[in-house]
Amino acid sequence: MGNSDYVYTDRQPPHRVAVPPPQPFFKTFKNSLKETFFPDDPLRQFKNKSPSRKLLLGLQYFFPILEWGPRYSFGFLKSDLISGITIASLAIPQGISYAKLANLPPILGLYSSFIPPLIYAMMGSSRDLAVGTVAVASLLVASMLGDEVNAAENPTLYLHLAFTATFFAGLLQASLGLLRLGFIVDFLSHATIVGFMAGAATVVILQQLKGVFGLEHFTQSTDIISVLRSVFSQIHEWRWESAVLGIGFLFFLLSTRYVSKRRPKLFWISAMAPLTSVILGSLLVYLTHAEKHGVQVIGNLKKGLNPPSFGDLVFTSSYLSTAVKTGIVAGIIALAEGIAVGRSFAMYKHYHIDGNKEMVAIGTMNIVGSCFSCYLTTGPFSRSAVNFNAGCKTAMSNVVMAIAVMFTLLFLTPLFHYTPLVVLSAIIMAAMLGLIDYEAAIHLWKVDKFDFVVCIGAFLGVVFASVEIGLVIAVAISVLRLLLFIARPRTFLLGNIPNSTIYRNVEQYPTTNSVPGILILEIDAPIYFANASYLRERISRWIDEEEDRLKSSGETNLQYVILYMSAVGNIDTSGISMLEEVKKTTDRRGIKLVMANPGAEVMKKLNKSKFIETIGEEWVYLTVGEAVEACHYKLHTCKPDSTNEELQTWNNV
């Protein structure tokens with residue numbers, strides 16, 4: 001970075017930095033609340049409407065089916081019918097598999113694919129989200145409830161706690177949406193979700209080794225050490241028949257996925273593969289009597305629709321805190337996954353979904369579901385991707401899927417009696433391999449090393465400790481990074497781009513020139529109590545380094561420090577005190593403090609605190625260029641110890 005040969009020339013007087021007119025406190029407070037909780041202004045559509053129209057719009061807001069239902073056409077029905085039947089073929093075997101993963105009766109997987117999709121079809125705003133149970137939420141239920149209650153020893157209590165956890169998860173989800181607190185879910189960053197999902201998928205895959213090898217006794221822990229110890233300490237109990245079936249069906253499922261990825265038009269091959277595996281596995285066991293040779297089967301599944309379970313919810317037991325904790329953790333994870341999936345497909349189809357409305361829809365379906373023998377549901381990516389690829393047009397595809405599941409519950413459940421558990425394990429393993437997104441982790445490493453650390457922290461925490469600890473580690477690292485952004489904001493040294501009045505970061509633009517006698521600093525964040533002390537010390541260090549550089553090179557002494565404050569969106573009283581201290585420090589050293597482009601909120605507070613009077617209104621400029629020219633005017637026309645009267649007179653021209 002060189003020095004610019006700046007020569008003062010006559011110019012127009014600088015523009016004033018305006019102080020915004022005072023606003024009533026109530027109006028300011030109202031605007032702040034609106035920006036915090038209603039950034040999308042959902043009430044805009046109700047303005048200047050008749051009462052009857054407002055009522056209809058209100059009903060359409062909570063029940064979008066009233067908006068798109070009247071426009072529904074036969075062409076849409078054909079597409080949704082194909083999509084619904086396709087995702088039903090995936091939902092039935094996955095539902096049974098994930099219920100087993102949650103240590104719940106397999107029939108609950110079918111129950112959870114019947115009632116919740118109907119609720120979501122009425123209240124959800126996504127056209128592509130296919131509702132059902134998911135592996136990660138199932139793993140969380142099994143892990144967190146299993147720490148307190150053994151599902152094998154006390155299945156009734158465990159089942160009731162699962163319903164209760166689902167109820168509280170839905171209550172939390174709906175409350176976040178109604179209170180417009182959806183931003184809380186944003187604390188689960190993309191890096192956190194990538195690492196957490198990969199870790200959970202790894203744990204789930206390892207746990208399926210129990211089904212693959214036909215083991216009857218297995219650890220309740222989810223960490224990799226305990227799982228591998230449990231697998232390899234029982235080598236003498238491995239069933240080769242079960243292992244051959246498991247590996248064969250896993251190969252079949254992965255092969256169909258590979259074909260569907262290579263040729264997207266053949267998506268139905270991958271979608272039908274799980275149900276095909278169940279049918280083939282059941283036929284194989286039935287014809288060979290493999291259940292008598294160590295191959296475990298599902299057994300009897302109860303026929304009929306969802307029985308009511310409201311009376312089974314636990315509100316007084318000593319285990320209530322466990323159910324609440326499980327519901328909160330699993331509910332937030334399920335919510336984050338469902339909204340992320342819905343937004344992804346909405347982006348592809350160029351339409352918008354309301355995150356808070358989605359929270360209300362997902363929460364309501366879980367509250368209602370918990371009263372009808374369902375456990376936690378959301379919008380899984382794999383099922384939604386099949387729904388998207390099958391050409392769904394509206395949420396009616398969920399209704400078609402629910403009708404197909406209802407038909408299965410009423411008439412087809414006996415056919416699953418001979419379904420081998422090893423096939424369910426293969427289905428889960430194949431689905432979980434798709435959640436290990438190593439390409440996303442590599443991308444994080446290339447783009448942002450800290451995000452990669454967050455991702456790996458979540459992954460290692462889940463794999464080597466537990467699902468809850470992995471989640472806590474990931475959120476803690478993410479919050480730590482957020483605090484570092486706030487407490488340690490960036491400050492930049494600005495230089496002049498040659499042959500212009502533009503000033504930019506000297507690290508980004510190495511060809512910029514320094515301005516003799518003037519230090520230009522940019523503060524890149526709001527100034528709060530958390531970073532005020534750091535900024536004071538950092539500005540002092542910038543001044544020390546600049547003075548040392550000028551002394552070593554024999555250049556002009558430092559006369560002015562310009563603070564470019566365009567990125568300072570707000571400031572609190574601690575920040576104002578910091579600026580006052582910096583002003584006193586520069587005065588003692590014979591340096592003048594200058595400000596450039598402070599924002600409206602900052603100017604309002606600096607004006608009320610009398611800091612503008614302290615620094616002098618003539619030393620606050622709209623641009624860095626005007627501030628530099630004013631400083632040059634002072635350097636070239638006034639003695640160093642002169643007053644500001646001449647500059648003030650010039651500014652008032």
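Every residue gets a Cβ built from N, Cα and C, even glycine.
Annotated domain 'STAS' per TrEMBL: 508-631, in sequence order. For 129-146, 158-179, 191-209, 238-254, 266-287, 328-348, 360-382, 394-412, 419-436, 456-484, the entry in TrEMBL reads transmembrane segment.
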Criterion met for the transmembrane segment (360-382) and the transmembrane segment (191-209) (at least three Cβ pairs under 8 Å): no
Chain residues outside the transmembrane segment (238-254) and at least six past its termini with a C-beta under 8 angstroms from it: 211-215, 273-274, 277, 280-281, 284, 290, 293-296, 420, 422-423, 425-427, 429-430, 433
Per-state residue totals over the domain 'STAS' (508-631) - DSSP helix, strand, coil: 66 helix, 23 strand, 35 coil
Beyond the flanks of the transmembrane segment (191-209) by at least 6 residues, Cβ under 8 Å: 101, 135-136, 139, 215, 218, 222-224, 227-228, 231, 333, 336-337, 340, 425-426, 428-429, 432-433, 435-438, 440-441, 444, 448, 451-452, 454-463, 467, 470-471, 474-475, 478
Residue numbers, six or more beyond the limits of the transmembrane segment (456-484), whose CB comes under 8 Å of its CB atoms: 139-140, 143-144, 187-189, 191-192, 194-196, 198-200, 202-203, 221-225, 329, 333, 441, 450, 530
